[in-house]
Each structure stands twice: as structure tokens, then as C-alpha cells.
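Input: a single structure, listed below in C-alpha cells.
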């Protein structure tokens, strides 16, 4: 079981080379297969996640949640997807059509790109970049532009306001997000995600870096526009924020991308702090799935419990609390490393 | 300084958190509100004009539809106003039933206020818990009147039917469970630091302005003014009960929330006393089938509704139907301070302000 | 032509094409968004040169942050219809001036590139480029690095004061 | 300490998440309705004494009835009683006014209908045999099976042949039109049988067809007598 997917990939390469492909060509085909797999994983995950989110919300609100279609309402999301696909595609007449159309596409592309560096099991990583963490952060930062495009292209005050807010929020929370990861990077001594997982063989970084984990979690919630920080949508204030004018599948793409981001960030959290794919008894890829889903459940739990924070509080929380705390954490971590190194560890 | 341009944002009439058809035209300078213009009338049903073509008893169901969140209260006000015109004495038992129903309505209204306040600030689950408990009150209304929301239970001269046997146990069990409910709201909604940060110091209304604008009800008491018609000018049999009028100091959104939380507990206290004192007897006075107050009688009767001072001004012309009926709707008057308290705040604050002023649009548009 | 060359030409076309788009687009918002594409293309070129870290910095700083600033600034100060933001100047002297300036710029830069002695890279950027970079920044060039940091801080403080407006006396 | 409230909130939602649900599954599981629940207004014709108090009590003109004088006495007798539920406020005033408990609320709260005119409930009391009351709950009639349908068709055709004017009276606007329509139907066997079938299957369509027939006939008549033959 442990090497189930690796074996599949290996036999695929062997088969391809048996067909007469060069090893480079076989790698290319494998890469394409991996991309298709990622898209499939993302889609299936989103279907499960939307169902899960509604179920979690239902349970917290003492309801059952969706339960009509399929076992425990599992097919509700599929029905919703079909509904969204068949909806009329409305583009406001005053909208900037090119920007309006491309924004959701870029948003989902960027979300899918995040998966390239995530180790989904022992040796199951598409590209082991030596700057993996940095790749994740910088690619994730591009999604601000997509929201801005959506907000601007819609030519609607609510949309623009939602986009502005979310961009301001995401830019200010990128800094504590990156800073809180720095502590882990300093201990692991590498920016590569596989090295970081390997460094957690004995002890998870959540124990060594509890403050970093909490700050990362808060900043990630803001980056994902979720829970108490859902500024771009902010239903009660901005109707639907940046997505106000979107309908049908375009809107669904945003939704899809948000959940894709959620999975990616949760996977990053479990990789950086929860020991990645390390775990006893079960195969490594099952462990990462379990850990990722646990993190996502916490995200959902928070979302359905807390009210939305106010914009100015949000900004001042980032700049006045999170960033100083993460900076102090880096300082303490650095001092600790030097101290322990001096002790001869 | 850079010269900036103001822009307007239309909050409503179709917007998730305007409690019906409220339309606020917010003039913004960036995220700050320069002015907020309240546009009303989207739920106008000409309830006052309808009164002129209905006989006095026929008008009772329409009053229930004024403040549909606490439907016994406007009905109570109307019935008492007509009784005042006719000089009818209401039987003791009916008076007590009325008090119980009115106070349960107040709790139902305040529960929805707290829930909608939570959901307007983004905490969906808070609303569901409040609605869950509100349902029990609705069940009690269904027991007595047969309708859950728009009960039209009270009649001129009493109430339509006596309490059923199931009512008193249900009411007692609700009272017994109430502290637990309050504890849950305290934990989930009131105690939440994010919510406190959103409400504290937001939409501050000072006492002088409140009086000048004619604000009444919990919104007024949140400014520290001890004025409750149940105490100041007791109607019905309110003078027989022992309760305090909860007050706050700052008049901000947070105080408005706290005052209502406290008020619910006082209502429970009143209901408890009323249930203990409930006498046996008739529930409806002998009222002529055709009510014809003498020409020239005018009456103004006011009660403390869950939103504030709810007054009925009725002029009779000697016929079966009122010559003119006017409703002093507390929501309407309370809403008028929205521009004043929102100025200088943020866009998100105006949502909190609307939520904590607790308007019900059926009443303010009439 | 190897695969590497093909990728290079693709990236070069994207970068140069979008850069051209930035200056020819009639709509200033499109210009700004095409600028983002240019930044990304440049980042791609960095990746091709095995300078992953620099490429990612390019994406993070220019693609994610600076471009947002530019778009923000455009959106906030724009006062006309977006499609009339970048009209070519109708007056001939101005056009001639523009042509003259651009020719001057091309000549200057071309000359600078032509006459500079470009040292060929000694050694390759290996897998450990991060460590090398860190050593250089926090070792040899630490003073310059810190001074740059202080400069940026001063700039930020200045910007805040400008935005908030110092107390006008 | 800051953050305590947040943790408490999280604890409460977690506790509720693992606790019991409070909702019911509506169509399968019906809500418990209290005795006095006011669902749909119903009318028991046997008790009605045609006093008219209900219509006077109603604030919104929901109730109306047709009555006639019983021959040889002062008593009135009911012909039909109409409850136009779309205007009903469910206020209970009519029920309270009724001296004989003729009007009452049932617990049936599923009042949605596909057509607007299906909301109206009409109780008709036939003149000849008051024992066999035909309650015409429009839109609620169950789909009759084949034999029943045939029987109905035969009855309707017979009625049309025997007394056409009266049978088609409800399909058109006034007596004059009914007369015209009856004339058309009697002349043409095919039209008659088609009309009969339509009247049973789809009253709305039958009405439309009837109006069309009448209008055409009227037009033809205006044109002159000669046109009549052509129209056939």
C-alpha cells in the first residue's frame, strides 16, 4: 500500500519506455498524467469539501445538512454543480468583458499550481523544488491580482470594494504568513518541503514552534478569505463582495478555487507543522490526507462559530499583533538554535 | 492632503442584512460614512388607511402584521386603545393572559434581535440557536391562538380563547430552561471578543439626541434614560408586577445589545409572576357585536412594545369604522437616528447599527 | 534547437510582447495587467537560468505586490472612462518629441550594452544558491543590505506621513 | 484573558455539533400541530343557517355565499358558498362569529396550488337532491380511472344533449352566449362529444374552446346569414 501510487507511476514509465519513448519523453507523459491527477484530486476534493462544509455547518447548527441526494446527501454538490453549469451566464453590460472573463480562470489556475510542490506522501511530490515553501507563498500571492481583476472587471461598487478589501487583507497577511514559516525553515535549515518533512521524523514542528503554528493558522485563514476574515465575500455587508456580479460556472470557478486553496494551505500546514506524511501503521499518503482534513475541519469549525472581524481591526491585528509576534518568534528561534548549537546539539 | 471623491453605495432594498425592504443610501469617503440617507416605504401596505374601511374588531388581524416579530404587542396596543374609547373593563384572567403573551412576544422579538445581530456580523450559527429557542415561544403561541407568527389572539375586551391546558407547563418549562439559553448566547455571541470589538463604541447615540429624535424603547434605555412606559404610565396591570428597567450608559451598539439581553430576563420574571397570580374566570368581556364609539371621541394609547413606544391614535366619527387611525411606530422613529449615529463610522458599522437599532420594516413602513 | 531554447523563445516572446502591450494598450488597466504578465515572463527567464529564488522573489514582489500597488493607484486616481485613459497625443510636435526620446533611449542603451565588457558567468548556480545568497547578503554585503533596509523604512514612514497628512500648521 | 470568549464559542459549537439535531424531516415526518392550529378554512354545509355573520366578520371579503328563499317559508337556503383563500388572513374572526360551528380550521397547511384560481374553494349544494352534495374542490379532484372516465363522459354527453344551455352556462360569460354555444353543440355531434370530453378532462381548456366557438359564431352572425354555411 505504501508505494501504491509510486508503483503505478513506475510501471507507467516502464510501459511507456517499452513502447519506445525516451526517458525524457516518458517523464513528460508522467508529468502530464500527474497534472491530470491533480486536477482530478482537486475536483473530487471540492465536491467532498463543499458537502463536508455544509454537513459541519448543519451539525453545529443542530441540523442535518444536505441529506436527500445519495448516501448522506453526498451527491448534493454534484447536483449543485449541474445546476450551476446550466445557469444563464450573465455578464453585466458595463463590465470589462475580457477582465471579467479571465479573472476566475486565472484564479483557479493559480490555485492548482500550488499543488506542484506539496509532498503527498513518501516520495510523492511532483517537483521537489529547493525553494518549495517560497514557491508556495509567492504563487499564492498572485491570487490577489485575480480578485482585483474580478472586482474591477465587474464594474460594480460592491465588487470593487470587496476586491480592494481582500487585496489589502491578503497583502498584509502574507507577511505574517511567511514570517511564521521562517521559524520552521530555520530549524529545518531548508526551504525544500521534502527536507522539512524529513526533519520532522522525530518531532513535529508544532511542538517546537507552537506560536508559529498559531500565527500561521490565523494568517492562513485570512489568506484563504475564510472564517472570521471572509472580507471579499462578506455577505452581510458587501452582498457577495468581489463575486457579486458572477453567475453560473464563473462563480463556481471562484468557489472551486477557494476550496482548492483551502486544501493546499491545509496540506501545507500539515506538512510544515504536523509532520507531513510521517505516521505509524498507515501508508504515508493516507496520513497526509487525514492531517489535511483535520486542519480543514478546524478551519470550518472556526468559520461557523465566529462573527466577521471589522476591516480596520483586521489590518491592525496583522500589523500590530501578528507581525511583531512572528518577528519575535524568529528572534527566539534563532537565539535558541545558536544556543543549542553552542551546547553541542 | 489629497482631495478625495465621495461615492454613494446603495445598501438595499435588496441586500442580505437590511431586515426587509430597507434602503440606506450611504455616502462614503473611502471606508468612512459621510452620510446615510434612509429610504423607506418598500413594505408600505397602507395599514392606517385600511383601518378606515374596516370595523373596529375587523382591524385586529391587521395590527398583528405591523410588528410581525412580536405580533401580540401591536394587537395589545390596538385592543387597549379601543377599550379605552369604549370604557370596557377587561376580565382579570384576560389581563394576565395578555401580559404573559406580550412578554413572551417581547422575548421572541429580542431573541430574533440577538440572532439577527449575530448573523449581520457574520456569525450564522448564533442566529440558529436563537431561532431554536424562539421556536418554543412560537409553539406556545400556536397552542393559544393557532398561529405561530401573526397570532391575532387578542380581541377587543379580552382574548379570543382561554389558555389551553398544555400552555402553562410549556411556559414553565421554557422559564426553567431560560438561564441555560442565556448562558449559551453569552458564550457564543455576547462573550465573543470579535463581536465585542465590532459593537463597542460603534453607533454611539447620546441621551440628548435620543430624546430630541423621539427614540424610545431599549434604544433609549441604552443611552441611560430610565423611561419605560410599563413603569412610567402603567397600562393594563403592569403596576402589579415587580421588575426593573435595565439601563446602560454609552448608547452604543454594544449597550443596545446588552439592554435587550437583560430585558429578556426581566420579561421572564414578569411572566413568572403572572403565571403565579393567574386567576380563574372569563377571558372576554361583554362587548357589543357592533362597536360604535360616539362621534368625536379620540384616544391615544401607547404601550411599551419590544421596539419602543407603540401608540395608537384613533378618531371615531360615530360609525362602525374609525374615522382616522394613526400608528406611532417605534421602528420608524428609531430608524431616523441611523444617519446620525452612522456618520464617521465604517461601512461595516452601518450594518451593525441597523442590526442593533432593531427596526422591523412592517411597522416602520406600515 | 533544443527544448531549452524553445522555452526561452517562448518566454522571450511573452515577456517582450506583453511589454509592448503595456505601452500600446489604450486602456491603462490593461497596461497594468500586461505589466504583471511581463513580470511573470521575467520570472520565467530567471527560472530558466536556474535562479529559482530570484524568480520567485520577482513573482512575490513584482507580480504579487508592486503590480497590485500600481493597479490600486490607477484605479483610485482614474477619473475618465478606462478605454480613453491611454490615448496617443494628437499633436505632431509631441509625437516627434516622443519618437526622438525613444530613439535616444535605444541608442544610449544599445551603446551601453555594446561597450560594456560582460564577464561570463564563472561557475554555475548550483542547488545551494540560497546559502550562497544568504552568505553574501548577511556576510560580505551586510552593511549595504542593512542600509537598504533602513532606507526602505524611512520611505515607508515618509509615505505614511504623506498619506495621513502631517499636522498642517 | 483575550481569546477566552473565542474558545468558549468554539466549545459551544462543538458541543452542539456532536449533540442531537433539532430539525425534523418535513415531508416524511410531519410537524406536530397544536389543537388550535389554523391551517385551511373549511365549511360544513349541513350546519349552515345562512345567517351571514361570517361574511360580516371577515375583514377581507374572503367569504361569500349565494342563497335563495325557501318556497313557502321565511327560511333561506344555501346555493353555494365560496372561500377565496388567497385573501384569507387566518384571523379566526369568522369562526368565532359563526353560531353553529359551520366554519372551522383544519390542520391542513399545505395550501400551495399550481393555478391561482385553484386557491378558491367553492362549495355547491345542488338544488334537486340536497343529500348528495357535490363539493367541487377545484384542482384537488383525483385522477379518475378509465371506467369512471367513460361513465363521466357518457353522463356529460347526455347532459349536453338533454339540457345544453344549462350545462354550458358555467363555461361562458352570460346566458346569451350559453344559448349560442348550445346551438352550436346541438348542431354538430362531433363538437358536442369533444366538448363533453374537454369539460371533464380540462375545464380551463373547455372554457377557452367554448369562448372561441361563441366568438366565431357571433362574428359570423354579424357578417350575415350566408356565412353560416361556410363556417361549417
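Backbone N, Cα and C atoms are what each Cβ position is placed from, and that goes for glycine too.
If you look up TrEMBL, you'll see A:28-52 (among others) marked as transmembrane segment. When Cβ-Cβ distances below 8 Å are used as the criterion, the transmembrane segment (A:28-52) is approached by residues 9, 12-13, 16, 21, 66, 73-74, 76-78, 80-81, 111-112, 115-116, 126, 255-256, 259-260, 262-263, 296-297, 300 of the same chain, each at least six residues removed from its ends.
If one looks beyond the transmembrane segment (A:98-118) by at least 6 residues along the same chain, the residues whose Cβ comes under 8 Å of a Cβ in the stretch are 38-39, 41-42, 91-92, 125-129, 132, 135-136, 139-140, 142-143, 145-147, 149-150, 152-154, 193, 245-246, 250-251, 253-254, 256-258, 260-261, 264, 267-268, 271. What TrEMBL lists as transmembrane segment is A:98-118 (among others).
As annotated by TrEMBL, transmembrane segment applies to A:133-152 (among others).
As annotated by TrEMBL, transmembrane segment applies to A:173-191 (among others).
Taken from TrEMBL, the feature transmembrane segment applies to A:203-222 (among others). Sequence-distant contacts of the transmembrane segment (A:203-222) (same chain, six or more residues past either end, CB-CB distance under 8 Å): 169-170, 173-174, 176-177, 179-181, 183-184, 187-188, 196, 228-229, 265, 268-269, 272-275, 278, 298-299, 302, 314, 318, 322, 325-326, 329, 333.
Within its own chain, the transmembrane segment (A:259-278) is flanked in space by residues 42, 45-46, 49-50, 108, 111-112, 114-115, 118-122, 124, 133, 136, 140, 143, 181, 184, 193, 196-197, 200-201, 204-206, 209, 212-213, 216-217, 220, 223-224, 226, 284-285, 287-288, 291-296, 299, which lie at least six positions past its ends and keep a Cβ under 8 Å from the stretch. Annotated transmembrane segment per TrEMBL: A:259-278 (among others), in sequence order.
If you look up TrEMBL, you'll see A:284-301 (among others) marked as transmembrane segment. Within the chain, the transmembrane segment (A:284-301) has long-range Cβ neighbours (under 8 A, six or more residues past its boundaries) at 2, 4-5, 49, 52-53, 56-57, 60, 119-122, 124, 217, 221, 224, 226-227, 262-263, 266-267, 269-271, 274-278.
What TrEMBL lists as transmembrane segment is A:321-341 (among others).
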Notebook entry, point to check: Do any residues of this chain, six or more beyond the ends of the transmembrane segment (A:133-152), have a C-beta under 8 angstroms from a C-beta of it, and if so which?
Noted result: 96, 99-100, 102-104, 106-107, 110-111, 113-114, 116-118, 159-164, 166-167, 170-171, 174, 177-178, 181, 185, 191-193, 196, 223, 232, 241-243, 246, 254, 257, 261, 264-265, 268, 272
Item checked: Long-range neighbours of the transmembrane segment (A:173-191), counting only residues six or more past its ends (CB under 8 A) -> 130-134, 137, 140-141, 199-200, 205, 208-209, 211-213, 215-216, 218-220, 222-223, 229, 272-273, 318, 322-323, 325-327, 329-330, 333-334, 337
